[in-house]
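Below you'll find the structure, written out as structure tokens, and then a few comments.
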Amino acid sequence: MKYLVSFRNAFYSTIAYRGNFVLRLVTVSLQIGVAVFMWQAVFRFSGKGDIAGIDPLQMTYYLIIVNLLSLIFSTSLIFKFSQLVRSGNLTILLLRPVKLLVQAFFEYVGLSFPYLIIYGFVLVVSSETSSQSFTEILMTLALFAIIYITFFLLISAMSLVSFWLIQVWPMRPVINALFMLLGGQAFPLQVLPQTFRWLEYTPFALAGNQLALLSLGKVSSVQMLLVFLASISWSLVFLILIKELWRKGIHAYEGVGS
Amino acid sequence: MTKSEKNLQAKRISFSYMTYEKNSGLLGSLHDFVHRRKRAVHAIHDISFSINSGEIVGLLGPNGAGKTTLIKLMTGILPVNEGKIDAFSGINPFEKSSAYLKRIGVMFGQKSQLIWDLPPIDTLIMLREIYQIPKPVFEKRLSFFTKQLAVSEQLQIPVRKLSLGQRIKFELICAIIHYPEILFLDEPTIGIDVSSQSNIYRFLREINKERKMTIILTSHNTKDIVALAQRVIIIAKGEKIFDGTPNALISEHASQQIIEVTTDSPIEPLPIDLIELGDCHYQFLSNDSAQLPIALAHILSLKRRDGDLDEILVGLFSKLEGKK
């Protein structure tokens, strides 16, 4: 229950600033608009009915979903944690009898909850084009949950560099570029040559590209299994990394300021 | 729990950390980019003390003396380099075990645990869940605390809209909502008006008496110490230089009566044992100098009086500064 309150507070905080919330949605809508028009042009001038097995309507849904996913799979945790270390406010959290990683996870879910609702709505609408069975929908949701945890663990591990790197803002464009390229935010990774197809199993690709394709029913059972195994493997790697970075970082933490 | 039971025991603890010095100017910045000059700071050196259950202990010292570092060592934020801190007979604070964290409360005057965008009640409900306080008990406590500190009407207002004083009061409520056995207060009255200060003093004395809550506080406001502390530990340059009651501190330095001097013009340069109180108004400890540190021709008036804790500390700290 104590963690559910953290989730609730994070959710309330997200919607506390209505203007910012709406502005974020408008920004993403513009990004989606640009990507959709660009791909419509590609379809029209190439004269092809589908590209990498995706038709124009599915591509539109793909771009909407993948850009929404970029809101859900937020990297803000890195910068929030950095601020806590820089200001010394991490001290307050360290002195509470809670498991910080678990609390951070519930906060993470709370912060992205409004976008999860929108995502759910888009999924229902797009399901008409995917013709997924009930079992497939359940598997998609289960994979979504596993990948969500994997991505949270990745972001948590990255945030821990704040113990040593006082300014983490230079990481922001790098992370955005990674999501844009590997996450498939600009184009589905399936259009890449076979040599680069392994990129589909990197954490950013799992969170963006694969989940968007899953929602459209474009992932086979074998691929689902591979996605599942990749996600579990990455999670284990990140968990070990978090444990080690935390152990070393907490000794480096000075709790600056009085 | 008996009054003599030890809550905290520090045995010959030391703590040092590395910092670096930065050169100014373009060349200095370029030099720092390539080669950073590191320096070890010995923040705490060979300090021992024990604090019993129900005591109110004030930690005093000049800026940078090591008071806050000592609190961080006692709460477990920082690990000791040498020596040992033993809490509740067997707990090492740095392990941050749930058993220890549930028994302590911490308030740092300059760090907030309130959620900035939400009303204080939301943070307090979260703390209720974290410390597993039964709902009726929580409501009773909250009503009592908010009434005592006169912030009942601000419970539902977003934290960002509250005044500094109101925020500090809610920070205090957050620190004690679970009735900790040890309460650490770092600058608890920062930004608080005089009437609210006395409110807080009365409130803390009451819960200390009723709950036998140990209170360890640091403050630059000696009023806090005079009003609350039964015992004072003075730290300077990372070393303990006094440990006793405030009365013992005053009587130990009572022989140092204060001489207040008004002069016809400002004194420049200011002698090391002279403290400026205002325009052409100075004071010094009577036994600091066999002679007046000011030429007689400039003196308009002289007044002798006994020093209070504030002045004793000013004298003590400026002496230590002089020894640097």
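Cβ coordinates are placed from backbone N, Cα and C, and glycine is handled just like the others.
Record features (TrEMBL):
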TRANSMEM  A:21-39  transmembrane segment
TRANSMEM  A:59-79  transmembrane segment
TRANSMEM  A:100-125  transmembrane segment
TRANSMEM  A:137-166  transmembrane segment
TRANSMEM  A:173-192  transmembrane segment
TRANSMEM  A:222-242  transmembrane segment
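When the stretches A:21-39, A:59-79, A:100-125 are ranked by Cβ pairs under 8 Å to the transmembrane segment (A:173-192), first place goes to A:59-79. Most Cβ pairs under 8 A with the transmembrane segment (A:59-79) among the ranges A:100-125, A:137-166, A:222-242 are made by A:100-125. Residues 72-75, 77-78, 80-82, 84-86, 101, 104-105, 108-109, 127, 175, 203, 206-207, 210-211, 214-215, 224, 227-228, 231-232, 234-235, 238-239, 241-242, 245-246, 248-250, 252-253 of the same chain sit 6 or more residues outside the transmembrane segment (A:137-166) yet have a Cβ under 8 Å from a Cβ within it.
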